[in-house]
Amino acid sequence: MTLQIIAGRSGTGKTTYLMDEVSVKIKQNSKTYIFIVPDQMTFQMETSFLNKENLEGMLGTQIFSFSRLAWKILQETGGLSKTFLSQTGIEMVIRKAALDQRDKLKIFSRATSRKGFYAELANLFKEMKQEEVSIEDMVKSATNLSTSVNNKIHDISIIYQKYEELLADKFLENEDYLRLLAEKITESDYLNQTEIVIDGFTSFSQQELTVIGALMRKCDKVTVSLALNVPEIKHGLDEYSMFKASTEAYYALLELAKLNSINVEEDKFFLENKRAKTESLAFLANAWGHNKFMAFKEEPHNLSVHQANNRRAEIEGVAREIRQLTLNGYRYQDMAILTRNLGDYDVLCETVMESYNIPIFIDKKRAMSKHPFIEFIRSSLDAILFNWKYEPIFQAVKTEFFFGVAEKSSVLRRKADILENYVLENGIQNKWKWEKEGDWIYRKIRGLSTNVLPQTDGEIQTQSIINEMRSLIVNPLSTLELNLKKAKTGMEFALALYHFLEQVNAVERLESWRQRAEEQGYLELAREHEQAWSAISALLDEFVEVLGKETLDLNSFVEIIATGLDALEFSLLPPSLDQVVLSDMENAKLLDMKVIFAIGMNDGVMPLRQKDNGILSDQDRDALRAEVSNLKPSAKNNIGEEDLLAYKIISLPSDKLFLSYPAADEEGKVLSESNYLRKIKGQFKKLSESVYLTDPGLLSDAEQSSYIRSKQATLGLLTSQLQMYKRGYPLSSVWWDAYNSYFENGKESRMAKQVLSSLYYENKTKPLQEKTAKNLFGETIHASVSRMEKFFSCEFQHFAQYGLKLEERGHFQLQAVDMGEIFHGAMEWISAELKRNNLDWGSLTDQECRQMAKLAMTFLAPKIQHEILLSSKRMEYIQYKLLQIITRATTVLNEQAKSSAFRPVGLEVDFGLKGDIPPLKISLQANSELLLQGRIDRIDMAEQEDRTFLRIIDYKSSSHDLALTEVYYGLALQMLTYLDIVVTNAQKMIGKTAEPAGVLYFHMHNQYVQAEKELSDEAIVKELQKNSKMKGLILSDPVAVSLMDTTLEKGKSSNIVPAEIKQNGELSARSKTATREEFDKMRHFVRHKYQEAGNKILDGAVSINPYKLKERTPCQFCGFRSFCGFDPSLASNQYRHLTNEKTETILAKMNIEGGEQ
């Protein structure tokens, strides 16, 4: 029974010596030789043995980690009768323990719902077992500490005790195996006549030391290899040394040997670096960690430092280096990429390496949480927990597990989209609405549904799809909820979930995905689908095993299962024989590597800027370690560990070391280089730093040629270089050679043409062919005024909405257009009610105005947007505010009518083929025509002797005025069109001809009067009248004006219309008026604009040409922005800049362009 320690820095040949020693001994005796290495190194050590010359296979030699050795010995001695708990199971049990003790927690009661909390607790409990720290010691130590620490340890204690109670000596964790191993080693026959070699560790936990002590007592010899600085053993421990942990391990092993009366052979020290093949790498490895500054005066061959623009440029630079190294004879398996922050690089590396045709193995387990099956389970449980809210329901729906396997996915997705649109538009946000008896009724309703028409065939077909999909969701989800709410124990809850997964045929869905992935060659994806079901089965089995008899409620079950789902990970396949390995620095499973790329060497990353991420802060640990010395030290006392990690990286390669860092992150934030890089550059005075650029155009031709390493990656660079060339920048001949090379091969030529076509890309549309235009819009264009205004706003917007019939997804929310519908509907209803009762505007009292408004709102509220105004308390309040506006508008209109001779003769008057008035017909080219149809809010009439006047009033929920500039550009055609139609059809409407009296906007809003002193009721009414003055354009005729405001006096302004009378009885310049001749010119011009638009539509005009008038553009509220891709930064995408001009100028232009129609 002997202990021997082999010591020396990394790369000095310790592992090679041990393997050689064993190879000699195997031939000399029949002993068993066991190598114990860290978990992540077992595969690499086995591979090294197999590749070892003169070693006759593995006979007589076994490679174990501590945990694998525990399995082996416990299988032999009978210590495996208890059930093993995975990390997932541990976190679920901890969550159950925390939930049970939640009311007793002093600090962690809120943290129990925080994601990651249970993983942190699991890590702390793991540490306690590894370091043989009892909870009693923790509690005792915390007694004399601050209240904060004491409360924290109190919470940890009661959760830990409940956790141990739930395990109840029936279950084992990884750490329990080492405890049992230490107990069972003496009973093992397998360890008789055995020598143990322990290699690859820098430190040992207390549990591992206990196991090593038992092995010392049992086995013939225990040899331990430690990477440490030999002088520190001889001259004393340096508190901040990177070898502090291994030096402490050295002394702990000697103390163990002494306690167990074990013979200690003389230490064997290795001093010379044998791994590094160049002086520079050997110097760097030997000098690292020395307090004394050491400088390398020669040119440092095979050591390089690179700055990159960003992480992508960095990885592309690494990829180019790898490609060059393979041309020089290296294999991919000779190289590894190491980083401290793997999460910043894994996806990027996978993408870039694929474009360079470099096989890569990413040594990182991926969380299962994003797999559709896991998301389906989580979302289904959340749907039940949150009363069938939209978000979790459709997160589950989109995984496709509710639907049959037989039907095509594309068909199912289309149907699911139809269902989702219906649910969103109808505000279906709870279980009651989902389970409500009877079919859901589908009608394509826009605005007020006062006149319900029979369903169309299309609506009936859509309704059928909606109810089909609804039943596929409701049936299994209702069953799941029923079973979960009946469940009392963990077993019953788990069975409810399992039966739900059976009901939706989850296994068949996963199997179909697996088969399809295999057929398409996506083997890794196929394995993930296979693992997903296995993982859930194991999770439920483990849940039942541990918590099956525990009493639970629904919330607790969902929280515990969610914790388990968060902990699930996909297992990794070992790397193939020839792949580049990407790994994080701390867990790299590497032994002998020729080339290392250490990436992401930034300040704060290497060395790591320490943060308190665990349950116990650094301050907590420092305070507790005064009495619980086995507890791991705080981060600030582990400074040497960062130096050691860097040392492992720089001492790993035998041939080449590439060190790199990005100068900026993805958002352009500046990143500094690591202090370690500054230190290395200080030691190597002749070490020059090169740059990995995104754009190599500034480099020399020779340097640019190094960027050409693969056809796919080079094509992207070539495109960007040619783009710069188009802008006038010089282009190296290197890129012309690359360009020509793509057209020497047919397949590559096709790919190049497709990619390089982007050089000539312009975001422009081509006019539709005549036939296509007529198919989309018809030879006779049936259009509304707003449609034509949209065409003049942007031709492509018109094409998207009226040609392609694209629609924005409807949502169950009250929008401005809905409020406009309510206001129009209310005014129509009140006017109709007055007519039914033989009453006129102006004859109502204030009380009657309020009553009318209330009755109108009562009638309209259930008829807008699927009863949205009745759907919630918030909507009830909005309804109240809308009622205030309608009441105010009714009162104002009533007061205006008292002072006006104009009376309504038409409300919500339809014009069109089926309207009260015929459509406005506009002749177009090629014998086509445009039929204009729509609805006029209100038509007023007044008579004076032999003259009859007609005017248009439009109700608006926001302030509007008639701007002739907007009329001229076709953006505001509505009011003058309506005026033209009623004047043209006056004989049909009122039985006589009429003159145009004007167009006015009535702003419906809840106005307030501001005053410095208290006002009488009469004064308040006058102020409200003044604030409610209608805007627009009226006839420049004193007679017409006097009919609009019968109270208007000389020298006064009207409170009703935009008019002011001078003392001489004429209209002032401040009045917004136009002559009869000007109105006629405007009417003719408007018809001309419709003709212009109609002809352009038939010509296939679909240009992306939004206007810009001051700061206003149609893009601001356009639902098709992502579709058209309009980008003002492109030369091909520019606004049509419109300018405001004087009224006289605009009228002159209208006269010239409009002419007589």
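Cβ atoms are placed via backbone N, Cα and C, with glycine included.
Swiss-Prot lists 1-278 with the feature domain 'UvrD-like helicase ATP-binding', giving sequence analysis as the kind of evidence. Annotated ATP binding site per Swiss-Prot: Gly8, Arg9, Ser10, Gly11, Thr12, Gly13, Lys14, Thr15, in sequence order, evidence recorded as sequence analysis. Taken from Swiss-Prot, the feature domain 'UvrD-like helicase C-terminal' applies to 272-590, supported by sequence analysis. The feature [4Fe-4S] cluster binding site is assigned by Swiss-Prot to Cys794, Cys1115, Cys1118, Cys1124, with sequence analysis given as support.
Features recorded in Swiss-Prot, as mapped to the structure shown.
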| residue | record | DSSP (3 states) |
| --- | --- | --- |
| Arg9 | ATP binding site | coil |
| Lys14 | ATP binding site | helix |
| Cys794 | [4Fe-4S] cluster binding site | coil |
| Cys1115 | [4Fe-4S] cluster binding site | helix |
| Cys1124 | [4Fe-4S] cluster binding site | helix |
**Request:** List the other residues in this chain whose Cβ sits within 8 Å of the Cβ centroid of the [4Fe-4S] cluster site residues Cys794, Cys1115, Cys1118, Cys1124, in sequence order.
**Result:** Phe796, Gln797, Ile1104, Pro1106, Thr1113, Pro1114, Phe1120, Arg1121, Phe1126
**Prompt:** Between 0 and 100, where does the mean pLDDT of the domain 'UvrD-like helicase ATP-binding' (1-278) sit?
**Reply:** 85
**Item:** By Cα-Cα distance, the member of binding-site residues Gly11, Gly13, Lys14, Thr15 nearest Cys1115 ([4Fe-4S] cluster binding site)
**Value:** Gly11
**Asked** Same-chain residues six or more away whose CB lies under 8 A from the CB of Lys14 (ATP binding site)?
**Response** Ile6, Ala7, Gly8, Asp199, Ser225, Ala227, Phe270
**Message:** An 8 Å radius from the center of the Gly8, Arg9, Ser10, Gly11, Thr12, Gly13, Lys14, Thr15 Cβ atoms defines the neighbourhood of the ATP site; name the other residues of that chain inside it, in order.
**Reply:** Ala227, Phe270, Asn273, Lys274, Arg275
**Request:** For each of the binding-site residues (Cys794, Cys1115, Cys1118, Cys1124), count the other CB atoms lying within 10 A of its CB, then report the residue with the highest count.
**Result:** Cys794
**Message:** Rounded to a whole angstrom, what is the C-alpha distance between Ser10 (ATP binding site) and Cys1124 ([4Fe-4S] cluster binding site)?
**Reply:** 60
**Asked** Could you give the Cα-Cα distance between Thr12 (ATP binding site) and Cys1124 ([4Fe-4S] cluster binding site), in whole Å?
**Response** 64
**Complete:** Neighbour count check, CB within 10 A, over binding-site residues Gly8, Gly11, Gly13; minimum at Gly13
**Request:** Have a look at the binding-site residues Cys794, Cys1118, Cys1124 and say which one has the shortest Cα distance to Gly11 (ATP binding site).
**Result:** Cys1124
**Request:** May I ask for the distance between Cys1118 ([4Fe-4S] cluster binding site) and Arg9 (ATP binding site), taken between their Cα atoms and rounded to an integer number of Å?
**Result:** 67
**Prompt:** Near Arg9 (ATP binding site), which residues of its own chain have a C-beta under 8 A away, given they sit six or more steps off in sequence?
**Reply:** Ala227, Leu228, Asn229, Phe270, Leu271, Asn273, Ala285, Asn286, Ser651
**Item:** Cβ-Cβ distance under 8 Å to Thr15 (ATP binding site), same chain, at least six residues away
**Value:** Ser48, Asp199, Gly200, Ser225, Leu591
**Prompt:** Quick one: Cα separation, Gly13 (ATP binding site) versus Cys1124 ([4Fe-4S] cluster binding site), in Å?
**Reply:** 65
